[in-house]
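K.L.:
Have a look at this one before I ask anything.
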Amino acid sequence: MEGVLSYNNQEHHHQEQQQQPKIKKNKNIKLGLLLLNCLLLSVGQVGGPLLLRLYYLHGGQRKWLTSWLQTAAFPILLIPLFASWSNKSRSQSSTNSNPSSTKQKFLLNPKLFIASAILGTLIGLDSFLFALGLSYLPVSTSALLMATQLAFTSVFALLLVKQKFTPYSINSVVLLTLGSIILGLHTSGDRPVGVSNGQYFLGFFMTLGAAALLGFILPSVEFAYAKACKVITYDLVIQMQFLVSMFATLLCTIAMIINKDFQAISREAKEYGLGEAKYYMVLIGAAILMQSMLVGNLGVIFCSTSLFSGVLLALLLPVQQIFAIIFFNEKFNAEKGMSLALSFWGFASYFYGEYKQTKKNNKLIISMTTHQHQEFPNVV
Ligand SMILES: Nc1nc2[nH]cnc2c(=O)[nH]1
């Protein structure tokens with residue numbers, strides 16, 4: 001008996017040793033994916049709205065066109081999708097493994113398909129609200145209203161995915177919200193020229209609506225992943241991103257057709273302040289960057305949580321202002337500096353909380369494994 005136990009112990013130890021590098025490798029892959037998605041989200045969220053603003057600044061007026069641009073670059077997702085498919089079929093043919101699984105290219109079940117359609121329609125609507133706000137409001141007011149986005153995300157994350165809050169994450173939400181409010185409170189760049197009272201208030205409520213809607217969408221994505229009844233892989237996430245963007249683009253395309261926006265593009269290009277070629281470059285650049293933002297967003301939620309994605313978006317608000325200072329010669333003032341400092345502090349607080357939690361979880365796993373190993377040496 002003792003021999004069997006010690007044999008099983010040895011075997012268990014051997015398997016544990018074998019699994020450890022695998023677990024570590026998976027952890028590293030997930031960390032790499034998280035960093036990549038943070039980068040995609042950051043580049044898109046800073047650059048995309050700046051290019052949309054550049055479109056409005058030099059004569060662009062089409063709201064549904066700018067909404068459409070926020071998701072229309074979704075066909076570029078076919079590149080990673082085809083790369084992954086061909087990679088899989090190559091590795092399967094080389095190992096001669098189950099050929100039927102090669103056919104399983106479409107990973108979404110009906111539940112996820114419906115979720116993607118609903119989320120896509122909501123994102124299309126959010127894009128319109130966001131685009132309208134961007135055209136009627138000064139940057140400062142827009143930032144002030146966008147400050148509420150993280151609060152909305154936190155509340156919906158609590159309701160939908162039972163997000164656990166720690167003193168660090170609460171501190172982070174408060175600091176980041178405060179940072180964005182300070183950003184909005186400076187009154188220098190008030191109502192843009194040519195914007196009427198009515199348009200100003202429309203922009204105000206539309207931006208608030210966009211903040212609330214995205215605050216709802218982010219935890220809903222996490223909710224959809226959790227309720228999918230399926231293991232969520234990154235391949236599946238890209239397929240979902242493709243569908244979500246496709247449905248959002250469909251909504252905006254219908255609105256553009258009704259509004260006769262497609263016919264207006266060439267006319268607008270000819271009259272654009274920076275010239276025709278730059279007009280198209282701005283549109284294409286905005287579309288690619290906004291797609292990058294969406295892909296990064298859904299990816300960050302997959303690797304982490306919707307709350308983290310909301311925290312990152314809030315941090316990027318003052319960073320966007322810094323880039324506006326660099327590229328649009330906007331003024332830098334004390335409020336912008338203070339907002340940036342508070343946002344970095346909030347972000348650092350969130351990270352420290354996560355770091356402490358991960359350390360605690362790791363300790364718990366180690367002590368549980370050792371305990372289980374001592375109590376049930378035969379259990380692998
Ligand atoms: N609501 C909302 N929509 C967006 N679309 C692109 N960026 C944003 C954002 O920060 N908030």
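Note that Cβ sites are derived from N, Cα and C of the backbone, with glycine treated the same way.
Computed from a predicted structure; not experimentally measured.
So TrEMBL lists the following for this protein:
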type     : residues : note
REGION   : 1-22     : region 'Disordered'
TRANSMEM : 31-52    : transmembrane segment
TRANSMEM : 64-83    : transmembrane segment
TRANSMEM : 112-137  : transmembrane segment
TRANSMEM : 143-161  : transmembrane segment
TRANSMEM : 168-188  : transmembrane segment
TRANSMEM : 200-224  : transmembrane segment
TRANSMEM : 236-259  : transmembrane segment
TRANSMEM : 279-300  : transmembrane segment
TRANSMEM : 307-328  : transmembrane segment
TRANSMEM : 334-353  : transmembrane segment
K.L.:
Cβ under 8 Å, sequence separation of at least 6 from the ends of the transmembrane segment (236-259): give me the contacting residues as numbers and ranges.
P.N.:
62, 64-65, 67-68, 70-74, 77-78, 80-81, 84, 106-108, 112-113, 115-117, 119-121, 123-125, 127-128, 224, 230, 291, 294-295, 298-299, 302
K.L.:
Using a Cβ cut-off of under 8 Å, list the residues of the same chain at least 6 residues beyond the transmembrane segment (200-224) that approach it.
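P.N.:
For the transmembrane segment (200-224), the list is 112, 115-116, 119, 122-123, 125-126, 129-130, 132-137, 141-142, 145-157, 159-161, 163, 191, 240, 297-298, 301, 305-307, 309-310, 313.
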K.L.:
Short question: most Cβ pairs under 8 Å with the transmembrane segment (112-137), which of 64-83, 279-300, 307-328?
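P.N.:
Top-ranked stretch among 64-83, 279-300, 307-328: 64-83.
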K.L.:
So which of 64-83, 279-300, 307-328 has the most C-beta pairs under 8 Å when paired with the transmembrane segment (143-161)?
P.N.:
307-328
K.L.:
Are there residues at least 6 beyond the ends of the transmembrane segment (64-83) whose Cβ is under 8 Å from a Cβ of it, and what are they?
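P.N.:
Beyond its ends, the transmembrane segment (64-83) has Cβ neighbours at 48, 52, 55-56, 120, 123-124, 127-128, 130-131, 134-135, 235, 238-239, 241-242, 244-246, 248-249, 252-253, 255-256, 259, 261, 264-265, 283, 286-288, 290-291, 294-295.
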